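**Student:** Got these off Swiss-Prot a minute ago, pasting:
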- Glu141: active site (ACT_SITE)
- His140, His144: divalent metal cation binding site (BINDING)
Amino acid sequence: MSAVPNAVIPNPDNLSVSAPEKLSGFEWWRRSLQYRTGMGLDPQEKAQFEFDYQHKYLPQQCNSCIEFRDWMLTYSPSVTFMMDHIKKLSPNKEQILNKSNIICDVCDDLKGGGFHPQEGILLCANRIQSKWQLEDILTHELVHVYDHLKFQVNLNDLKHHACTEIRASMLSGECRIFNEIKKTGLGDFGKKFQSCIKRRAILSVSANPICKDSEEAEKVVNSVWQSCFNDTRPFERVYR
């Protein structure tokens, strides 16, 4: 969908839920189709649909997120493996993560999750579409926790930030080849895994307030790429 000239991006704080007749039946189907195709959709309508969608499905999304989280904490090989290694690095060898600080909530941005050293892990319920996507996101954030404990990551050092982002995208499974083929087709097959990791790392570093721009982020990622891409700890190798 092409940009609308001089369009004003709506402020989500000024939106309210549409009338009930617009949230079900044929009208909801029509709006959903319009959103997917972008045909005849202006920025205001796009923002309104996204607002309505989150309102319509948020309780279901939050419940699903909690259900998926609990399942992964018990049965996911990558999640339980990372949790065990985080416990080994924790003070007094006690588990510092549990259901009280791995939380599901609503996020305003497009991220699937986040980690804060004092608060724990956030899983963005309104951005998670499946159990397996949550597994990737949770594993990604657990790699950040592991790196924080083992390497004392300082996010004010862009090289530190780049390295933990490279490792998290590499080890979480979110850049597995099948995912990339679905997104970008079969072209450059042999480079898809590394390209995905670099792309994600550059985006994350670009969002760091001390990073000037994406060009600086790319330079930093490239400068630490070799050492960080080859560091699969605590895994013996990349298996997801």
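Even glycines carry a Cβ here, placed using N, Cα and C.
It should be emphasised that the depicted structure is a prediction, and the values quoted were computed from it without experimental measurement.
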**Student:** Determine the Cβ neighbour count for Glu141 (active site): the number of other Cβ atoms within 10 Å of its Cβ.
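**Tutor:** Excluding its own Cβ, Glu141 (active site) sees 24 Cβ atoms within 10 Å.
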**Student:** So which one is it: of the binding-site residues His140, His144, which has the fewest other Cβ atoms within 10 Å?
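**Tutor:** Among the binding-site residues His140, His144, the sparsest Cβ neighbourhood within 10 Å belongs to His144.
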